[in-house]
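S.K.: Here's a structure for you.
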């Protein structure tokens with residue numbers, strides 16, 4: 001087994017501040033290497049350092065050896081495309097939005113490999129067939145789904161003949177069902193070389209096998225065979241990361257529905273159409289007080305639209321929604337948003353926003369402090385604006401604001417999909433617990449069936 | 001609202017404040033009036049008696065310049081205040097008031113946009129020549145359209161935003177939503193437009209004065225003074241230079257104040 005890539009004490013500095021502590025690793029032929037870590041753990045910096053893509057303000061120390069030779073930056077860049085390639089995080093940013101898929105792949109054959117136009121088109125057509133995009137070869141990226149776009153991006157990136165593939169969060173924003181396909185595709189593409197994957201998703205690390213590195217805040221915490229590390233994690237951080245996977249969560253769903261609880265909302269045979277297309281029809285269910293209802297389905301199937309319709313933000317095209325609780329005020333039907341920063345105005349501090357709410361609805365001040373402790377929100381948070389706090393804190397603050405209004409129904413639209421796994425677990429559990437305590441019904445939308453399975457009393461699959 | 005100003009914006013502000021102080025001092029402390037003639041001392045160069053010299057009727061240039069600058073500032077500020085208030089209010093209303101309101105306002109705006117601004121102002125100025133108030137009305141009428149278009153475009157995004165939706169669902173009223181969500185989003189653009197608008201209003205008034213349809217003699221107005229002093233450009237170039245330099249300074253000051261964003 002030859003060593004394709006070897007890093008010896010590679011560190012990244014900005015000025016004198018160390019962003020990535022010295023790290024050594026070897027990428028061997030046929031043995032995929034996975035780097036696991038949360039946002040801000042420095043894993044993307046490492047990939048950029050390997051490729052030679054670091055911004056000019058950052059400096060690299062240590063030695064990067066490619067194919068057994070230490071190569072300076074400029075020579076590493078000459079290997080791009082032909083020998084090693086880095087896959088983009090978000091395919092939408094990497095593909096030309098105006099160019100048909102097949103031309104984007106053929107271009108690589110033509111200009112990198114120097115083939116004639118006909119040869120290149122034939123090669124591209126064959127590639128797209130292999131990844132199951134034969135029917136969509138003449139579509140533009142905007143007409144493709146996330147998974148299809150990522151497959152197209154992978155085809156284009158690997159058409160140059162590179163066998164050493166660096167993939168930075170290759171499945172970001174993809175549904176679970178699409179995720180496995182992408183990982184398999186990456187495995188087959190790197191069969192003759194090797195694959196270095198950067199991810200926060202334990203499931204991907206498990207699926208890829210090979211070697212595993214766990215990173216935290218620019219530091220290596222654990223290293224070893226993927227199977228061993230994942231099954232017998234030594235470091236407490238690795239343990240927390242593995243425990244944060246929805247599949248490993250403890251069951252908090254109640255086994256049987258509380259028949260005596262009063263019904264909050266009834267939906268009968270509802271259908272929703274958007275832009276002339278019917279997203280779903282004939283959906284019926286009822287939501288009881290204190291119940292957590294999960295909605296699962298692939299992206300674009302109308303999960304969020306269902307929640308918006310229940311809140312009256314979108315019209316339904318057929319069927320009836322009945323709110324049983326007539327005493328509840330309109331402001332007790334609330335929503336938690338997917339992207340916490342976009343749900344707050346950055347013009348004033350969070351404390352001001354909270355005061356606005358307290359003044360508007362005459363909420364008792366003494367309710368705030370215990371709830372903040374419960375949600376693990378520090379007092380100092382209130383002096384900052386929504387851009388200066390983390391996503392997890394902000395989502396918990398959003399829950400705080402909602403709970404102060406004594407909601408009867410809360411629509412949580414993928415409330416944790418933008419958060420790191422460990423944070424996501426905490427926030428989800430808190431939300432479920434508090435909903436049960438306060439008797440608020442929650443409709444939780446998620447693309448992760450495991451998460452819904454573990455936390456919800458009732459599941460609606462669209 | 002705290003807005004950090006760059007150094008060039010401070011420079012712009014000080015140029016404008018300097019001119020304002022000059023105008024105020026001139027109006028209050030000068031012993032001469034703007035129409036007081038002294039035919040024994042025409043086209044005098046600057047002296048201890050007349051700090052900026054005298055014009056072709058022997059009138060004190062210092063007094064006349066001070067009044068002209070004051071007049072320009074008054075018009076500029078009035079136009080900016082009126083057009084920004086009108087444009088912002090209508091821009092927000094167009095988004096919030098539903099499709100019908102938006103369409104109706106769209107028709108009015110398109111009609112105004114189809115006419116060149118200066119032509120509209122000339123038209124109004126021709127109806128009541130020499131009236132300060134008709135100039136103010138005409139310039140404001142032309143300028144509010146810009147605020148309207150910018151405010152409407154930004155507000156559309158804000159109205160759709162989860163943040164605004166969330167506030168709405170929590171029971172906050174429209175004034176609160178405007179204060180917390182819409183105003184912070186549009187304020188920087190409105191301030192920039194206002195600074196450019198001030199410069200444009202002053203230039204428009206000077207242009208009208210220059211072609212004799214604006215403010216009428218014997219009142220002092222920068223454009224009018226330029227054209228009156230034009231025949232004496234070789235005998236007394238320092239006189240002609242005064243209104244020109246001041247117009248340039250005022251426009252420069254407003255543009256600096258506007259900052260980098262357009």
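Any Cβ shown, glycine's included, is placed from N, Cα and C.
A TrEMBL annotation is a machine prediction, not a hand-curated record.
Residues or ranges marked as domain 'ABC transmembrane type-1' in TrEMBL: B:69-258. The transmembrane segment annotation in TrEMBL covers B:71-95, B:107-127, B:133-151, B:182-215, B:238-258.
I'd like to know what surrounds each of these features in this structure.
M.R.: Sequence-remote contacts of a segment are chain residues at least 6 beyond its ends whose Cβ falls under 8 Å from one of its Cβ atoms, and for the transmembrane segment (B:133-151) they are 75, 78-80, 82-84, 86-88, 90-92, 94, 105, 109, 112-113, 117, 120-121, 123-125, 127, 186, 189-190, 193, 197, 200-201, 204-205, 208, 214-215.
Same-chain neighbours of the transmembrane segment (B:238-258): 8-9, 11-13, 15-16, 19, 43, 45-46, 52-53, 55, 61, 65, 68-69, 72-73, 76, 191-192, 195-196, 198-199, 202-203, 206, 222-223, 225-226, 229-230, 232, counting only residues six or more beyond its ends whose CB sits under 8 Å from a CB of the stretch.
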S.K.: Using a Cβ cut-off of under 8 Å, list the residues of the same chain at least 6 residues beyond the transmembrane segment (B:71-95) that approach it.
M.R.: 19-20, 23, 101-102, 105-106, 132, 135-136, 139-140, 143-152, 155-156, 159, 178, 182, 186, 190, 193-194, 197-199, 201-202, 205-206, 215, 219-222, 250, 254
S.K.: At a C-beta cut-off of under 8 Å, are there same-chain residues at least 6 beyond the transmembrane segment (B:107-127) that contact it? List them, or none.
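M.R.: Contacts with the transmembrane segment (B:107-127): 134-135, 137-139, 141-143, 145, 148-149, 204, 207-208, 213-214.
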